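Worksheet: one structure, shown below.
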Amino acid sequence: MSTDAPLKIAVTGAAGQICYSLLFRIASGSLLGDRPIELRLLEITPALKALEGVVMELDDCAFGNLVNIEIGDDPRKVFDGVHAAMLVGAMPRKAGMERGDLLSANGAIFTAQGKALNDVAADDVKVLVTGNPANTNALIAMKNAPDIPASQFNALTRLDHNRAKSQLAAKLGVPVTEVSHMTIWGNHSATQYPDLFNAKVGGKNAAELVGDEAWIENDFIPTVAKRGAAIIAARGLSSAASAANATVEHMRDWILGTPEGDWVSMAVPSDGSYGVPEGLISSFPCIVKDGKYEIVQGLELGEFSRAKIDASVAELVDERNAVTELGLI
Ligand SMILES: NC(=O)c1ccc[n+]([C@@H]2O[C@H](COP(=O)([O-])OP(=O)(O)OC[C@H]3O[C@@H](n4cnc5c(N)ncnc54)[C@H](O)[C@@H]3O)[C@@H](O)[C@H]2O)c1
Ligand SMILES: O=C(O)C[C@H](O)C(=O)O
C-alpha cells in the first residue's frame, strides 16, 4: 500500500460499545500516527441512526488525519477497496454464557462479510476479527473469501495478551513495560493458555521469577482466561475500551511491525506449527516485519504447556466441526 494516500479502514459494529472507543482511537492517530485515513463504517439498518450520531461526534473532534467517513449497511459498498477491516460487529455474550455459545447467533455475519471482502476489498486487505467467538468467526470469514490469502485473516487475542502482562507485572511488583515475550496460545476462550514459561520479566524467565507453579496454574491462568466473564459480572456489559485498545494494537503492529526484540500474540491460520492442525485460527507468538507476520519457531513446551495448548486446540476443532455442520464453511 502507498504511504501517502488515505488508508481505507472498514470497521463493523460501528454503533456498538467497542467502537465508541475504537473509532476515536483510530481517528486520533493511535493506529497509524499522522497517516491520513478514511473510515468505512458498517452497521445493521436499525443502528444506522445511532451511527449517524457517532459520526457527528467524530466530526466534532476535528481530527486532522481523518479525511473522510462513509457509513452504510451493505458490506459490498462499505468494504470497497479497503486495506484494513476490523470486524467487531457481533452480539456479545451475557453472564453465564461461554463465547462459543454465540456461534450460531454470530457465525452467519461472517459468511456474508467474508464473501463481500473477497469480492470488493483491496488485494492486500488485512482482516482482524474481534467479534466473538473471534477465532472461529475469522475462520468462517476466511473460508468464505477463497481469493484472499488465508494469512490475511487474523483474530484478536491481544486483549488476553495484555491481561496476562498486567497480571504478571502486578504479581512481581514491576512496571508492565518490564514484561516481554508473553504468549497466548489457542482460542480466545476460557481454554486459552497464557504461557509464563516462555515469557520474560526484565529479560529473565517469568515462571522462574514467579517461582510458584500453583499460582500459575490456579490463579494466573484462570484469572486471565476468565477475565472477560469477570468484567461482564462487574460492568453488566462486556469489555469495550480494553477490547478497542487491543484491536488497535493488533492492527497497528500488523501494519507497522512488532517492537524489536519482542513478540506479540496473534490468532492466525496455523501452518502446522507446534502441532496445531493446519488452517485452524489459533493464537501463537508472532513477529511482524514489512506487513507480514511470522509464527515464532522453536519455543520449548513442557508437558504442562503441551496439555494446555492441546485442550484449547481441541476446542477450536470442535468449533470448526460445529460451523461445518451449520453450513457456514
Ligand atoms: N476478541 C476480544 O477480545 C473481544 C473483546 C471484547 C468483546 N468482543 C466481542 O466483540 C463483539 C462486539 O462487542 P460490543 O460490546 O461492541 O457489542 P455491542 O452489542 O455494543 O455492539 C455490536 C454492534 O454490532 C452491530 N452488528 C450486529 N450485526 C452486524 C452486522 N451484520 N454488520 C455490522 N454490524 C453489526 C450491532 O448493531 C451493534 O451495534 C461481541 O461479539 C463481543 O463479544 C471480543
Ligand atoms: O468475554 C467476553 O465475552 C468479551 C470479550 O471476549 C472479553 O474477553 O472481554
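Every residue, even glycine, has its Cβ placed from backbone N, Cα and C.
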Arg93, Arg99, Arg163 bind substrate per TrEMBL; candidate in Asn132, Asn198, Asn205 listed for that same site: Asn132
Counts of helix, strand and coil residues, the domain 'Lactate/malate dehydrogenase N-terminal' (8-149), according to DSSP: 63 helix, 26 strand, 53 coil
Sequence-ordered recorded positions from Gly13, Gln17, Gly131, Asn132, Arg163, His188 with Cβ under 6 Å of an atom of ligand 1: Gly13, Gln17, Gly131, Asn132, His188
Listed binding-site residues with Cβ under 6 Å from ligand 2, out of Gly13, Gln17, Cys19, Gln113, Gly131, Arg163: none
Nearest-integer angstrom distance between the alpha carbons (Cα) of Asn132 (substrate binding site) and Gln113 (NAD(+) binding site): 15
Candidates Ala15, Gln17, His188, namely the recorded positions, that fall within 10 Å of Arg99 (substrate binding site) by Cα distance: His188
